Amino acid sequence: MIRTANIKIKMIGRIENLTNYSLVDNFVTGNLGSIPFYGAKFNLSFAILLFFYLIFRRNTSWKHIPLLAFLAIPFLHSDQILFETFTPSSDNPQTPHIMLLIFSASVLTLMACVKKTRTLPRIFGSIVALALVAAFLIIHAATINIKLKEQVAMIMDAHFSVFNATFQSRSSETFLYYCEEEKIHCLTSLPTEKDKETIKQVLGGLSDRAFKVIDSGDEYIQMYSLDIQKSAFIFMYGKVDDTVRLIIDFDNLHQAHRSCLIVMYVWYFIISSLWLYGGLFLYCKHISMFQRRTKHTLSPQRPEKIESGTMKPQSSQGAKEK
């Protein structure tokens, strides 16, 4: 009984300290290396600036490319400012940059299709832009919309199995021990008003739905939020007779989200690098080949040399003498 009381005090203490919980600083933390994360963000920022450059200029000047790359460095750090200013209702701080990418790709593609505004740089740029947009949508759908939701479902199934097992055995000690091992926040009694206020501060408006179920006396509710920017969590509540189980899981959800982000940023860094810098290389090679061909065509032809052993043409005077 002493062990159960100590574990319960720890869990309640965690609930009271939820307001100090760090919600994924800089959007991605932990094992994600700086190269794929900042590399993908730099490629995205550089591509956006390059596409807008091609929108306002018919042709490229190679001396401007290093300047665009330099401007991409402060631009990649502007995602949080743009997010808070233009898309505060979104749950992804990359939304402004992705919207700019889609907008610039659409305008550039339209200009490349119209004969009056079509140029070779815009054709190359539109192909690269469409490839980057398609790559982002496919990778995001595969990692976040599919893989992350599958992992969340697996986590919730594990919690639900403990719910059922401890409901049948009425063992609060086993339930709290599971919570301590999984580093999740748990209660074995109905939350007090102080607990509710603390949970509302962390979960935001989504907690209202949960507390309506609890206050109405219903037996079970489960929900989750993937809003990693504001509050990502798994909330599960169950009640059978006088036995109460309440779980709020942050760590496992953030860990699953982080692992999916690692996969997403690594793949997008690789694919965007191939398309962006590969496209610039092919365009540079095409221009150099075109310039050499033009130079060769416009160069004056040299007089043909008369090879030794060949007969020289006779003059008109010699022909008359004959």
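Our numbering is plain: 1 for the first residue shown, then up by one each step along the chain.
From the backbone N, Cα and C atoms, a Cβ is placed for every residue, glycine too.
A Cβ distance under 8 Å defines the sequence-distant neighbours of the transmembrane segment (35-56), meaning residues of its chain 6+ beyond its ends; these are 28, 64-65, 68-69, 71-73, 75-76, 79, 94, 97-98, 100-101, 104-105, 107-108, 111, 121-122, 125, 128-129, 132, 262, 265-266, 268-269, 272-273, 276. Under the heading transmembrane segment, TrEMBL lists 35-56 (among others).
Annotation comment: TrEMBL describes 65-83 (among others) as transmembrane segment.
The transmembrane segment annotation in TrEMBL covers 95-114 (among others).
The transmembrane segment annotation in TrEMBL covers 123-142 (among others).
The annotation transmembrane segment is assigned in TrEMBL to 265-284 (among others).
Summarising the annotation, TrEMBL assigns region 'Disordered' to 298-322.
Per TrEMBL, the feature compositional bias 'Polar residues' maps to 311-322.
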Taking residues 6+ outside the transmembrane segment (265-284), which of them lie with a CB under 8 Å of any CB in it?
28, 32, 35-37, 39-40, 43-44, 46-47, 50, 60, 62, 65, 120-121, 124-125, 127-128, 131-132, 135-136, 139, 143
Which residues of the same chain, at least 6 past either end of the transmembrane segment (123-142), have a Cβ under 8 Å from a Cβ in it?
44, 47, 50-51, 54, 98, 101-102, 104-105, 108-109, 111-112, 264, 267-268, 271-272, 275-276, 279, 282-283
